């Protein structure tokens, strides 16, 4: 037994012979276990060893899973020892009230196999309630004419305990005039009556103060007191008399409040005030259910009666006359049961979750039905409502099992509302429903699904490292870890070592972050393969592709390719004939931008001009043309400051300075050049070393070429091939394009032949007159070098050679009217004996053709060896061909296309230039 229970808590198995006989016919009849314990046992107290009483061994307990199934959790079973323990407070008065016998009945459930055992625990009363009076004081009026032996009913006390622990005795404080008698009602409750021992004399003493004590026989006994104030009144020698000492009446529990129960009557032989009778309840507790008319004695129902709560009422009435004398009677009210209680459905042993892969017939819950009515009004049947994958099986009397009846799928129905309806057999029958919600547990049977089949995101270059560039989302209809999705990068078209330095992804949110600033010029797009994986076991996953497009920003300023500084850092100049008409193409500013799109769309603007209005600049082409003819007052040397802006926001720009000289020949320019101061000795020395280095490289190159040609001719064994070899010197300079533009989007490349010297002496290169069309045009008599603007103390003057007629366009070859001059074949051009001036014009032509892309200059066979392999990203479809307007000092002819050279014809003016070169050598 548990603590405090003693032998009273000892298990008492009640073998009965007739149960044994019945068991022969009913083998499935369950055995009932009885225990007796006192109330108010502490939580955890042992009621008895339920496992032992049921015949279970300790080894069977883990598999049998013995537990208690009851409406309220008063008891629990220890999983280790099988002992029945008290789990909540046991208050007998709260559980059973004044019932003489109090017992709790419940079922003990054992699994494997499933069995039910009826357990009865009788709760014994302890003396835990003190008798209490309904009032702390009573006032009693007694006539002085009252005779000794007259009895007066006093207010009774109430004790919630039963048996010996309830109210047993009343005691009155010692008095010469009064004594006390204990009386008992028909229901067993006791009440006190005070007896007058000696006559009273109002003139001697008007009142008396007594103490009434109520005692029980508990251990230890408890008591309470009430004060009695006795007032002595004048004589009234006749007390009221009821027509009956006891009234009995039967009343249905469904009567409405206000219904008359009965009417009592009383008479008084006195007259006047002493004969005026008033009725009242002797106990205040009776006024909760009934009402009494104090004048007529009519008793009516005050509140609704309930057979299940109280089956019988015992009411004590008092009749008091005007003189203060009273009489009492008892009214016994029997309550008749009606079918006024609907059955109740109580679910027990409910699981938290039912896994969606549960098998058919899986036990889900235990439910009980209860009806407070008696006899056939309390017999109940129940059924399951709705179309649900469950069914109800009868387990025992008023006990049912809920089991699965179909396959469950949480994704279709994550929960079920189960409604069980119970109906009794009363007339009319009553029914009630009880609903519970069963939650279906998840199984990882769904893989994550991305919101899109693929993702494409645009990211502007120069983004801050760590910035969010995109977010992918995947959903998983599963719950808990089965539906928790994490993200990772599975693959990419980047190098594996570089992947972590480019992007990363948040495993929780799917946000993709840039780990570095992207550069559109280096990386324009890349693709990632992302994976979403749930946390189930085994885990399920899905992949999706994310393509990242790096958008361009205007982060590169334009770069001017032409005009460029000379090899010695000096500025170059362009010559314009004096006779240039308005619209004459002077030169072209060539610039590139490493950006793309509108960020690389360049425009050209004149910021400053020494003679405003003399030249015009193409907004998109960068072509510098004469806006009017040269005036007498115009300076020979002109300077233009040109700004090149891109189309970005904000736009970036670069500037270039053009030096233009109006002259028909180089002779006119040389005096102006000689006026300039000599460069410093350091620069002259540097130029000297550069010239020596170039000369050595050229000599080595020529020697290698001569040896290669000689070997080839010897192998061919053709003497005629040796006659084509002429001693000469061909030099090809390095590209003037900045190195960083070799990988840009819009770079240009030019091949220049420049005479480098620290002095003003001009050096010319000679080549054989019979050059093939595939050779560099610089291998002729003329030198095509651009002259840097530098000082020289020694200048050699040369006469201008006659025009080279082979450099003219035929009528069919002319580009049209885009130039400013007519371009007829007989047009007069200034003569020039220096072939280097022709090269300057060719560079201008190639610069213009870099944007055209369709010219024969800059790459084809028979061209001047100028490579226009770079062009702007935008194509000027209608850029005019200005080759016919390019001024070539020393020649009045326009440029000839490559077709003429492919015919193998040498220029007509070549001999003249060669002769001039010979004169220079002689000098």
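Just so it is clear, glycine is given a Cβ too, placed from its N, Cα and C backbone atoms.
As the structure is a computational prediction, the values presented were derived from the model and not from experiment.
Taken from Swiss-Prot, the feature signal peptide covers 1-30.
Summarising the annotation, Swiss-Prot assigns domain 'Cadherin 1' to 31-133.
Summarising the annotation, Swiss-Prot assigns domain 'Cadherin 2' to 134-242 and lists sequence analysis as the type of evidence. As a summary of secondary structure, the domain 'Cadherin 2' (134-242) carries 3 helix, 55 strand, 51 coil according to DSSP.
The domain 'Cadherin 3' annotation in Swiss-Prot covers 243-345.
Mapped onto three states, the DSSP output places residue 417 (N-linked glycosylation site) in strand. If you take the C-beta of residue 417 (N-linked glycosylation site) and look for same-chain residues 6 or more apart in sequence within under 8 angstroms, you find 386, 435, 436, 437. The annotation N-linked glycosylation site is assigned in Swiss-Prot to 417 (among others).
If you look up Swiss-Prot, you'll see 451-560 marked as domain 'Cadherin 5'.
Taking a C-beta cut-off of under 8 angstroms and a sequence separation of 6 or more, residue 543 (N-linked glycosylation site) has the following same-chain neighbours: 490, 529, 530, 531, 532. Marked as N-linked glycosylation site by Swiss-Prot on the basis of sequence analysis: 543 (among others).
According to Swiss-Prot, the feature domain 'Cadherin 6' maps to 568-673, an assignment based on sequence analysis. Looking just at the domain 'Cadherin 6' (568-673), the mean pLDDT is 89.
Sequence annotations record features per position, and here Swiss-Prot assigns transmembrane segment to 690-710.
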